[in-house]
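Per TrEMBL, the feature domain 'CARD' maps to 1-90. Annotation source TrEMBL lists repeat 'WD' at 656-697, 745-786, 838-879, 948-989, 989-1034, 1035-1076.
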Amino acid sequence: MEEGARSCLLQSRSSLEQDIRASYLMDHMISDGVLTGDEEDRIRSKPTRKEQAAALLELLLRKDNQAYISFYNALVRESYGDLASLLHNSLPLVSPEAEKSFSDGGTRYVQAVLSEGGVPQRPVVFVSRPALVNRVREKLYRLQKEPGWVTVFGMAGSGKSVLAAEAVRDHALITECFPGGVHWLSIGQLDRSDLLVRIQSLCFRLEQQSQEKDPSSSLHRPPGSLEEAKERLRFLMLRRYPRSLLILDDIWDSSVLKAFDIQCRVLLTTRDRSLADCVSGSKSEVAVESGLEEDQALEILALYVNGKPQRLPEQARSIVRECKGSPLVVSLIGALLREFPDRWAYYLHTLQQKKFKRIRKSSSYDYDALDQAMAASIQVLSEEHRELYIDLTVLEKDVKVPAKVLSVLWDLEPEEVEDVLQDFVNKSLLFRDCHHRPYLYYLHDLQLDFLAEMNRSGLESLHTKVVRQYQQRYSQGPPTSGDEECLYWFRFLTYHMAKANLTQELCSLMFSLDWVRTKAQIMGPAHLINDYVEYGAILDKEVRGHFQEFLSLNGHQLEQRPFPDVVQLALSQPDSSEVYRQALLQAQERATRGGLYLDWVNKSSLKSLSRLVVQPHQGSIYSACFSHDGTNIASCGSSKTLRVFKSTSGEKLLEIQAHDDEVLCCAFSPDDHLLATCSSDRKVKVWNVERGTLMRMFEDEHEEQVNHCQFTNIRRRLLLATCSNDKFMNTKLWNINKPSSQNTMFGHLEPVNHCCFSPDDAYLSTSSSDGTLKLWEVSSANEWKSIDVADMFPEQREQTEVMVKCSTWSADGRTIICAARNAVFLWDIETSKKMADCSGHLSWVHGVQFSPDGSLLLSCSDDQTVRVWETKKVHTSSAVCLKRDSDVLFNNGDITVVAADNRNRLQVRNGRTGAVMFQSENQESRIRCTAICSQTSAVPSGTSLATLQGHTRTVLHCQFTPEGHTLITSSEDTTIRVWRWRTGECVVLEGHKEQVRCFSLLTTTPSSETHLLSWSFDGTIKVWDMSSGEPLQDLACHQGAVLACDVSPDGQLFATTSADKTAKLWNVKDGTLLKICSRDNKDAMDSLHGGWVTDLHFSPDNTVLLSTGGYIKWWNVEKGEALQTFYPTGANLKRIHVSPDFSTFVTIDNIGILYILKKVE
């Protein structure tokens, strides 16, 4: 300490010891960093006030200039103006520490001005907020020519005071705008007498400084009343300090502020934005965000513990996240950690448990603990508004609510609610999101935590109030407007019921198919699934399982627009399911009013292996992976985006526009903090998962598209493997902290599609288009083992190439999964034998992965879905599935299905029970079509009765005539043949120019028995005389291939669909076109089918038209409107068989599932 300052302290020692309260001053000095907690404790241990003062002065004499300045400022702020005047003349102009503090634009002149004015020094632990500081300075510059008010407002602990002090720490600002000086006055919650003392102290300080500059001026006696004090201050500010700035810190009351309405320049800090409305003059304001950026908050904590931000423990980030970067909380905890640096976990737990009293004062803040700071803000509310504010305890963190929700809760008009909320916002008790119309309101996490702690015993009743108010307002049914209020109730009504312990009402709501339908339509299925997961402990386990399974497996259908019929979807659930029971009752009731519903009567023969089906992207999905904790899934694909969603429900957590081209792969790092992506744009990128920000990019080494990327499994030595379409250098290892690759594997001469580390990171497997799976030693990059995958796929030996798309290891390293085409295969590494397969995807599978515990298997596909499988359920022998080329016989209620299976055998099954009635031996060539004769009375024996030769290319369709003596076939060779199959006689119908996909018999009248209708890829429809082989009619119907055709039962109409994406209705008699349905109008059929329309059938009364494609649809012929849609598990249906009474429908999808659908009566 300078000699002059030390001498002044010694001379004034007796006066100081006599009057000061050391406890008041030490808070400020701790905040300035010149006093430690231990030193404070030692001083407080002294028995009397005077001894405490003596101990403080003794300690002060051993410190530096900064301590002297801090002590002087503390005297000023605590209204010891007369004592401060004793020390004023000996204030050091500069100290090394102060010079450092004022290094960003401050000068010795600035330091002197601010010290004289009592402006607090910059805290020892300080992090700049330049954007906010510049905003305040910009407003202060507006006071250069005329008086006015600048209001800095924000919630408790947001750093308003530090910000105000920092804003005036600028040489240009002071010299240009406030050459008369800057005068700081701390206010707080004062009564009139305390306010008078504060103004008296300020006036005394101003007069004393004025006398030093002008000895002729004299000191006046202290003003005796508030009015006299206001006038004295007005005189001083206008006459002696005409261009000075008065800073009023922590103003609470408008009546207090009026005492300073003296036509001067004022900067005030407050929690109440509206305070300045009560004074005259120009006004501007700056809102202080409630939280620091994470980097800034971590820097503060690091400064307190003398460390570096990147070396702080993981709890540091959690503390910042928990308090949302509150400057107050970060500083309080930082100061506590300075004394107890090993208590990170303890203070994090304290925050999480809302034990605010334990986060006690360790600075000059005005309240002894964090809870007192929160309570002070609420106490200034009127009693009525305080009760309303307590109701906000029921809100969830990070949830913004519209005024309409609170209008329901408070039973007030929306306009009244907005007025109340405005008051809360003005007092920084509530925040408003102005980017939405209508406005949305939300609480800071600390405010919400404090309310929850304060109202812990009444939480259940508060939530009950919310539920009852909702039920009263929406007694006729839930809101369906889709606005913010509607979304709030659908998202959080279940939350309020659970918190209110209204278990029975919660079950009634969540186990209602009506609630499921409405919520899914408005919010999508993910939120619904989340509810069943979150409240599973208080819901009936069995019924919850029914609803959760229904949503998990049909969620991707519920994302469709137009929105599907939920009752029809639910009819596909098992008969024992509560979902099915409710759906059947609703379907039966609606059927009495003309509704059309289909019951899948043989569904019990099929067990779904999928646990969750999600459609996160538009377009093909090339990669999906579990996070290492199993809670999240990341996916990417042709949409160029990266998406992260919950593995339990599919709820979106993050979406990034990741690359300029298709994103081919994504992979989590071992700690789940990073995500790597690679793309057709030849770039590899590493992302921060929490923030969604780009951390690193590798773009120079791969010359072709990068197909796959994978992190090591262990954090200790983090590496990233990538593989590409490069000719030779197609597999690389990277250290993400270095700009170039660490190693390159040589061995594959064709593109490498996939790479994967073994569980111990010792080996890397690569899957290539050259048909091999190679295993490499990671340490040396040498090839360890090569497996010829073609030997593992005997059913594909006919193909010249087997391309291994991807592979992955099980947790024990003994099992590897391979994906080929649309199937997923599990292989034992040691025996090279196939263990199981999973059929369910409708197109190429691009990625597979086990969950961390091995219980789940993840796959993604070109069919735009991600599927989660239960591993135990797929560890079985491959199931036999049927091919789509089939025929069905309806006979007195019995249903007989004949079709080829996936092993190229002919099967005859009982359609109702699924029992196999006959199965042939494997056939040498593929079975392409089947037909069953209606005259068949016995189960087939398998004996060949006839072989008919004549077609030169593949036979596409075959059908018996009703009497069973004639067989008709059509072929790729463009001909139709009519066979007397017992004798081998044949009539050839020639005329089509391309393959004849199908045909139909015209049997509506006796004279048309020998007439046949055929359609072809040449776009024409022809009517034939079967006996003569002559064409009777030839219609050029479409520009593209005709895919399906059917004649109405009365023989008057026929309908066609085509690859030219139109459907047409024709007059049979003269071939005139009656109607065109294209995808460009409301009658479009093909665009609503998920693919081309491949089959058509009229109902017997001509009122309904049945069509198949990706889905099965029933249409009102007259109106062209869809009556019902059935979504099969697979897709690309070829044919559907219809019973004569149009009540039963039979088809097979492309993954071999048989559907027997019966109309619900």
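All residue numbers here begin at 1 and follow the chain in the order shown.
Each residue, glycine too, has its Cβ placed from N, Cα and C.
Per DSSP, the secondary structure of the repeat 'WD' (656-697) breaks down as 0 helix, 24 strand, 18 coil. Sorting each residue of the domain 'CARD' (1-90) by its DSSP state yields 67 helix, 0 strand, 23 coil. Note on the repeat 'WD' (745-786): DSSP counts are 0 helix, 23 strand, 19 coil. Secondary structure of the repeat 'WD' (948-989) per DSSP (helix as H, G, I; strand as E, B; remaining residues coil): 0 helix, 22 strand, 20 coil.
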